[in-house]
Amino acid sequence: MGLTPSATKPEIAQAPQGIVDPSTGRPVGADDPFFKEINSELADKGFILTTADDLITWARTGSLMWMTFGLACCAVEMMQVSMPRYDVERFGFAPRASPRQSDVMIVAGTLTNKMAPALRKVYDQMPEPRYVISMGSCANGGGYYHFSYAVVRGCDRIVPVDIYVPGCPPTAEALLYGVLLLQKKIRRIGTIER
């Protein structure tokens with residue numbers, strides 16, 4: 001068997017594109033003004049000038065530590081987002097077991113009146129700045145059990161919520177999109193209070 005000229009050419013892998021939006025065919029975040037500004041500055045000067053506030057905000061969005069508060073079936077989908085198919089850690093979003101080491105709390109499931117003080121206590125133990133993602137219909141507004149005497153009609157009555165992820169249960173893709181929205185929100189509003 002001889003080698004043909006086409007067989008001697010090395011195979012070149014395609015460049016990774018990240019998460020591609022199926023409706024546009026472009027990577028998610030390609031239209032983000034934050035990245036456009038950085039790319040234009042790098043192309044123009046070859047280096048980036050920034051402020052300490054912007055640097056801290058950039059570092060914070062790339063190293064968010066989340067704590068689970070899984071209360072019902074949404075917690076199963078929340079676990080899926082850490083598995084290899086979605087691998088949320090590639091976005092700098094890693095799980096932690098302690099609220100004292102967490103920046104983000106994901107409330108997933110039905111919050112009852114009896115569990116509400118525990119939720120608030122865990123939230124108060126988190127260091128500032130802290131963020132909350134409400135995941136699923138039950139956490140957002142009581143869901144299927146909305147009219148029950150024992151259910152809190154939304155975890156936003158107990159803790160301030162930054163991102164709402166709708167669905168019953170929401171898919172892992174929806175939670176991943178919520179994480180990306182939280183990172184975008186942090187970049188937009190910053191984290192340093194004066």
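Heads up, residue numbers simply count up from 1 along the chain you see.
Glycine is no exception: its Cβ is also placed from the backbone N, Cα and C atoms.
Note that the structure is a prediction, hence the values are computed from the model and not measured.
Per Swiss-Prot, region 'Disordered' is recorded for 1-26. Residues or ranges marked as [4Fe-4S] cluster binding site in Swiss-Prot: CYS73, CYS74, CYS138, CYS168.
All features noted in Swiss-Prot, drawn onto the structure.
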residue : record                        : Cβ neighbours (10 Å)
CYS73   : [4Fe-4S] cluster binding site : 15
CYS74   : [4Fe-4S] cluster binding site : 27
CYS138  : [4Fe-4S] cluster binding site : 29
CYS168  : [4Fe-4S] cluster binding site : 12
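Listed in chain order, the residues near the [4Fe-4S] cluster site other than CYS73, CYS74, CYS138, CYS168 are ALA72, ALA108, GLY109, THR110, MET135, GLY136, SER137, ALA139, GLY143, GLY167, PRO169, PRO170, each with its Cβ within 8 Å of the site Cβ centroid. According to DSSP, CYS168 ([4Fe-4S] cluster binding site) sits in a coil region rather than a helix or strand. According to DSSP, CYS73 ([4Fe-4S] cluster binding site) is assigned to coil rather than to any helix or strand.
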